[in-house]
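Q: Sharing the feature lines straight out of Swiss-Prot:
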- Asp21, Phe22, Asn23, Arg36, His59, Leu60, Gly61, Arg62, Arg118, Arg151: substrate binding site (BINDING)
- Ser183: phosphoserine (MOD_RES)
- Lys201, Gly292, Glu323, Gly350, Gly351, Asp352, Ser353: ATP binding site (BINDING)
- Thr299: phosphothreonine (MOD_RES)
Amino acid sequence: MNKKSIRDVDLKGKRVFCRVDFNVPMKEGKITDETRIRAALPTIQYLVEQGAKVILASHLGRPKGQAVEELRLTPVAARLGELLGKDVKKADEAFGPVAQEMVAAMNEGDVLVLENVRFYAGEEKNDAELAKEFAALADIFVNDAFGAAHRAHASTAGIADYLPAVSGLLMEKELEVLGKALSNPERPFTAIIGGAKVKDKIGLIRHLLDKVDNLIIGGGLAYTFVKALGHEIGLSLCEDDKIELAKEFMQLAKEKGVNFYMPVDVVITEEFSETATTKIVGIDSIPSNWEGVDIGPKTREIYADVIKNSKLVVWNGPMGVFEMTPFAEGTKAVGQALADAEGTYSVIGGGDSAAAVEKFGMADKMSHISTGGGASLEFMEGKELPGVVCLNDK
């Protein structure tokens, strides 16, 4: 991706409108996970060091175009100040006279957090008037919100019509890592696709079948493939309207010389709970009133072996219902295999896979954890992301 980044422009004394992703989970006004704030720190620190006037914009939650008290960015600005070790000001508006006055009072290296951009109905409609208001605050637009890059909103894309537009360091790294995986991967290249539904991963599987050497299938979506092979799957998740597509994907893999791995055994249960009784059965032996909830031990070994012998692995979606202890072993085993693999570059595609490696304490062993669930999925599907397309070319 040959897009300009903050390293390619002069920032000293410039007012920089930097779109970050501070959409953090909150409980009773407290931030429960600050990963996204920490992920933006290198960009913010770089802007500060370069003597820019740093104006940060983000959304939080889904206020649907109106001010919602508990979705104000005030606690986020306070925590950011602690992490940066400096005074961070907070505006109660995202544009207009109040924001303009606060920007006018800024010195080089100052940091100001604007109010939640989704308090304004024009944000999600990519309204040109709102984009102009944002642009009026600054000299340069920096997009560092990879997590929102698949959205064509006023603060992620529209503003780029009115200002020079470059990526932040986080956005730059995401584009570099994901771009290299798709255009020039080290081989063997393995994709692990899990999660509940085939329909959410159709574009991903189709696009990756042209790129990968190995495709590993797990999670709830695997049972549609199992049924497509003619096996009974009991009460397991299945999308009957996707069975023909599953057959087509398996055929395509064969034609393209892609090794297609599916579960050979599964963990089954009669009840969905933390204390559930489970059994392990072969993939062709699921009883009628039981459901598959995780990949079995033989499958884990096979998958771990493929991972160990890969140079690049992209993982999108868990292998089972990892939120519940009895059904978490498959997802944990894939994470462990990635953590232990030597010389394997691991890319975790945001969302549930990222949550899983966090939960199992393996995050620091992964090469790259994407900060965008939906954005990384769309990027890996080969789609153009509005928040990236709008940036200036090198």
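Numbers run from 1 along the shown chain.
Cβ atoms are placed via backbone N, Cα and C, with glycine included.
Walk me through the surroundings of each of these features.
A: Reduced to three states, the DSSP call for Arg118 (substrate binding site) is helix.
Listed in sequence order, the same-chain residues six or more apart from Ser183 (phosphoserine) with CB atoms under 8 A from its CB number zero; the list is none.
Residues near Gly292 (ATP binding site) in space but far in sequence (CB under 8 A, at least 6 apart, same chain), listed by position: Ala222, Tyr223, Val226, Ile233, Gly234, Ser236, Leu237, Pro263, Val266, Val267, Ile268, Ile286.
Counting only same-chain residues at least 6 apart in sequence, those with a Cβ under 8 Å from the Cβ of Thr299 (phosphothreonine) are Gly218, Pro263, Val264, Asp265, Val266, Gly330.
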Q: Give the helix, strand or coil assignment DSSP yields for Lys201 (ATP binding site).
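A: Going by the DSSP assignment, Lys201 (ATP binding site) belongs to neither helix nor strand, so it counts as coil.
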Q: At a 10 Å cut-off from the C-beta of Gly351 (ATP binding site), count the other C-beta atoms across all protein chains.
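A: Looking across every protein chain shown, the total is 19.
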Q: Please report the distance from the Cα of Gly61 (substrate binding site) to the Cα of Asp352 (ATP binding site), rounded to the nearest angstrom.
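A: With the alpha carbons as reference points, the distance is 18 Å.
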Q: Roughly how many angstrom lie between the C-alpha atoms of Ser353 (ATP binding site) and Asp21 (substrate binding site)?
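A: Between the Cα atoms of Ser353 (ATP binding site) and Asp21 (substrate binding site), the distance comes to 19 Å.
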Q: What are the non-local neighbours of Lys201 (ATP binding site), defined as same-chain residues 6+ apart in sequence with CB under 8 A from its CB?
A: Ile193, Gly195, Leu221, Asn316, Gly317
Q: An 8 Å radius from the center of the Asp21, Phe22, Asn23, Arg36, His59, Leu60, Gly61, Arg62, Arg118, Arg151 Cβ atoms defines the neighbourhood of the substrate site; name the other residues of that chain inside it, in order.
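A: For the substrate site the neighbour list reads Ser58, Asn116, Ala148.
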